Amino acid sequence: MFVVVGVSGGIAAYKTVHVIRALVTNGHEVHVVPTDDALRFVGTATWEAISRNPVTTSVHDDVAEVRHVALGTKADLVIVAPATANTLAKMAAGIADNLLGVTLLATTAPVVVAPAMHTAMWEHAATQANIETLRARGVHVVGPADGELTGGDSGPGRMVEPDEIVAAALAVSGAPEQDLAGLSVVVSAGGTREPIDPVRYLGNRSSGRQGVAVALAAAERGAWVHLVAAHVDDGVLARVLPHPSIGVERAGTAAELDAAMRAAAAEADVVVMAAAVADFSVPEVSDVKLRKEDGVVTLDLVENPDILKGLVAERRPGQTIVGFAAETAADDAELRERGIRKRARKGVDLLTVNRVGWTQGFESTDNTVLFVDATDEVVAEAAGSKRAVADALWDAVLRLR
Ligand SMILES: Cc1cc2nc3c(=O)[nH]c(=O)nc-3n(C[C@H](O)[C@H](O)[C@H](O)COP(=O)(O)O)c2cc1C
């Protein structure tokens with residue numbers, strides 16, 4: 001999300017540094033718009049370093065980019081923290097004599113304000129009337145809390161804590177709940193390629209979209225993600241990376257994927273094997289290109305190690321392991337039966353079963369799956385975008401954990 005954080009001139013401005021850090025860590029693009037007075041409390045260098053974006057207070061900077069409206073129109077969410085009595089009054093009156101005021105008028109995004117001021121200022125009829133006006137316009141007001149204030153007084157007027165501001169802001173923006181926060185997950189994606197000679201390989205039609213969607217959903221719901229990417233289609237990774245909560249490791253062959261997954265799984269709370277792994281490989285890869293002149297080629301194939309079974313055998317205590325099974329089946333009943341049998345064979349906690357065919361599953365943006373757990377029941381079904389399927393997977397994992 002593109003988030004604008006307005007900062008006005010109160011002592012609590014130092015706490016807003018933590019709001020910005022949390023948003024950046026969760027992968028959001030943050031632009032800070034301080035008032036001139038805010039810069040007397042916390043300086044430009046801090047805002048720029050923490051948001052990783054340039055900071056200006058004036059409508060006259062970067063005029064060629066029409067910055068005074070660009071920030072507001074690009075924003076998916078605007079937070080004002082701390083919101084001083086002065087800035088709240090200006091918002092209520094629609095005054096636009098600084099970049100923050102203009103941005104607030106130019107935006108149609110949800111606006112969240114976190115007031116902070118002395119109790120007397122907060123309780124003043126003018127401030128209360130301004131708050132009512134803003135609420136009536138759909139502005140979300142978080143706090144203030146009741147507590148110790150600067151100068152030794154105590155009462156309502158203290159800015160709520162940064163975590164609370166972030167949670168409230170993400171809730172109104174429609175961003176996902178951070179229900180995977182604190183979890184470390186490893187996800188594999190894409191299809192392996194088993195070399196035959198320097199120019200040819202045995203591959204499969206996996207685009208990597210589903211696995212990458214699983215990784216991105218986890219990261220956006222608060223997890224740390226180690227993504228082991230086999231071959232993925234052009235642009236699939238580029239759409240989601242770089243992401244501050246996703247680390248990517250490449251693995252070309254089944255053997256490389258096996259090694260990468262085992263190493264990463266040793267540290268993970270949840271392992272999701274979404275990659276399409278070749279069951280067979282060519283034991284003797286030719287160093288030179290096989291040529292027609294040399295006659296018909298017969299390839300002897302050997303079976304690759306079963307990565308999922310290996311991960312289950314080496315599972316850490318408390319670790320949840322999710323497998324994917326792409327099956328061809330005549331009907332839903334056969335698909336369920338195949339899924340249930342495969343779940344038991346692999347010993348995973350959850351098996352995501354999708355029906356594949358010439359036009360289903362692979363290379364498309366949508367998917368239809370069912371989830372089988374260790375009770376041999378279909379515990380959930382999902383259909384729609386690969387992101388929707390990914391979210392359903394994480395919902396099912398959370399229910400298991
Ligand atoms: C040390 C100090 C602390 C202040 N703290 C607050 C505060 O918490 N809330 C508030 O509304 N005003 C506070 N003010 C007053 C504002 O800084 C002042 O009203 C200013 O004009 C606000 O400008 P702005 O809304 O454009 O940032 C404080 C002033 C000083 C000198």
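Along the chain as shown, residues are numbered 1 onward.
Yeah, the Cβs are placed from backbone N, Cα and C, and that goes for glycine too.
Unlike curated records, TrEMBL annotations are generated automatically.
Summary of the site annotation: TrEMBL records CTP binding at Lys289, Pro305, Asp306, Ile307, Leu308, Phe324, Lys342, Lys346. Screening the candidates Asp279, Asp331, Asp332 against this entry identifies Asp279 as the one listed for that site. For Phe324 (CTP binding site), the number of other Cβ atoms no farther than 10 Å from its own Cβ, over all displayed protein chains, is 25.
Phe324 (CTP binding site) falls within a strand segment according to DSSP.
Residues near Asp279 (CTP binding site) in space but far in sequence (CB under 8 A, at least 6 apart, same chain), listed by position: Glu303, Asn304.
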